[in-house]
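**Q** Below are the features listed in Swiss-Prot for this protein:
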- C195, C199, C202: [4Fe-4S] cluster binding site (BINDING)
- 8-141: domain 'B12-binding' (DOMAIN)
- 181-395: domain 'Radical SAM core' (DOMAIN)
Amino acid sequence: MKVFCVHPSPLMYTKVFLRLEPLGLELVAESLRRAGHDIRLMDLQVESHADFLRELDTWRPDVVCFSLNYLANVPEVIDLAKTAKSRLPECFTFVGGHSASFVAKDLLDHGEGLLDCVLRGEGEAGAPKLLETLARRGNIDEVPGVVSLTGEGPPPGFTDNLDEHLPARDLLKYRRKYFLGTLDPCASIEFSRGCPWDCSFCSAWTFYGRSYRVMSTERIMEDLRRIKEPGIFIVDDVAFIQAQHGMEIGEAIAREGIRKQYYLETRGDVLLRNKEVFKLWKKLGMEYMFLGVEAIDAEGLQKFRKRVSLGKNFEALEFARSLGITVAINLIADPDWDRERFEVIRQWCMEIPEIVNISVNTPYPGTESWHTESRQLTTRDYRLFDIQHAVLPTRLPLPEFYGELVKTQQVLYKKHMGWAAARDTLKILGGHLLRGQTNFLRSLWKFNSVFNPELQLADHRQPVKYPMTLPPAPTEQKIEAKTLYVHRSQGRKSRALDDATEKFVDEGRMGAATG
């Protein structure tokens, strides 16, 4: 069958600071290609809706599938699915991805019969089975992970072997368009999948049932050899939890003499526990690291169930500085913040050398906070669930909250991304221009056109086309973790951690999930 795989448009934050290749969709595309299907992939981060329509009309695919990893893309994906079905009534339309797995019934209801099904869970496992069932005219409601208007299949299963597929990077037309800050161009790669912790604001662990699986060093090296871009983003939710795995990969890279610049995300306690791993990766080219600090006081850490003490976080920052790594940290702005709190945050951020990103506390389907805070929501508009809009009641009037938020973001942007900072990176910019790369350069003047309080307020005034359904009111204050899982928990056996690391993880959890 002819299968058209589509990734939706960029969100607010990604219009400025980064544009990452759709790695998950590339893996699904490869699994379908290996099953014998004719695949085309379009990324609307770098192509247009007009391109999408042209491909529909000229190629006339049998199947159109959409990747939906972010809630704010829900309205766009529903509209695109409806458009595909209206132009090609015989085509089969379905949606998969992280966020789609948590809001499947909403997608089908809003699809009004023009969306054939939602595929929950890992796409490499489910998509080939779904298309095989379609080809033999079987009952799709028997496929694991399928949710349709007529029924629901068994729970989704994991991909049997994470080493089986390499991303179908060759299907993307504009690879030079992907970047991450000064890493321009930048590819993405996966070393592990899942997260064994249980932070209340995050759905990474609930999607995977608190599992943690790793790719083999051989598979990772094969993928690395194929990557031509000088920059690489390691997409793992928490990099190098298992020290031995990180060392094995690093030593293999050193033996082959592969030189890249790497950006990864990890936790402060993991960084401190596995110092030798990160020292090795610094030698290999790890220039940038993202740490999810989330809060600068104990109360905030407790709220988000980040069981890493302030002392440990600051110690981790000191260690990263000692290695010469550029560190970016994230703080979560709570809607309860007042002017004084914003000013404290600004002052603190200016006193440290790290890059600081501010996101807005947002309860998402699939998180525990969704079940405890969703009743307070001030909007049910999917578009606003992008961690840059306030969807909970704010202490300040909303215009003032956005004014303080953007003021804080502007201060931090000018600190590290403005023209004054660009003077310190002229060598980097020169190298980019010599290679014909302008993504980072263009990002330097995009900020004010995107991060604008008036634009954020205007977003709230737009009509809600597809309202979000709230969860049932919880009958107990404590949420059972198993009720949140997309993939069923398989307990200890699903985590590729030695006993000492499993104990370390448990000591860093707040006890919500038992599997």
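Placement of Cβ uses the backbone N, Cα and C atoms for every residue, glycine included.
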**Q** Run through the Cβ atoms and count how many others sit within 10 Å of the one on C202 ([4Fe-4S] cluster binding site).
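**A** There are 22 such Cβ atoms around C202 ([4Fe-4S] cluster binding site).
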**Q** Taking the Cβ of C195 ([4Fe-4S] cluster binding site) as reference, which residues of that chain separated by at least 6 in sequence fall under 8 Å from it?
**A** C202, A204, W205, Y208, R210, Y212, D237, V238
**Q** Relative to the Cβ position of C199 ([4Fe-4S] cluster binding site), how many further Cβ atoms are located within 10 Å?
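**A** Looking across every protein chain shown, the total is 22.
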**Q** Whose Cβ lies within 8 Å of the mean position of the Cβ atoms of C195, C199, C202, the [4Fe-4S] cluster site, other than those residues?
**A** W197, D198, F201, S203, A204, W205, D237
**Q** If you run through the domain 'B12-binding' (8-141) with DSSP, how many residues end up as helix, strand and coil?
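**A** Tallying H, G and I as helix, E and B as strand, the rest coil: 69 helix, 21 strand, 44 coil.
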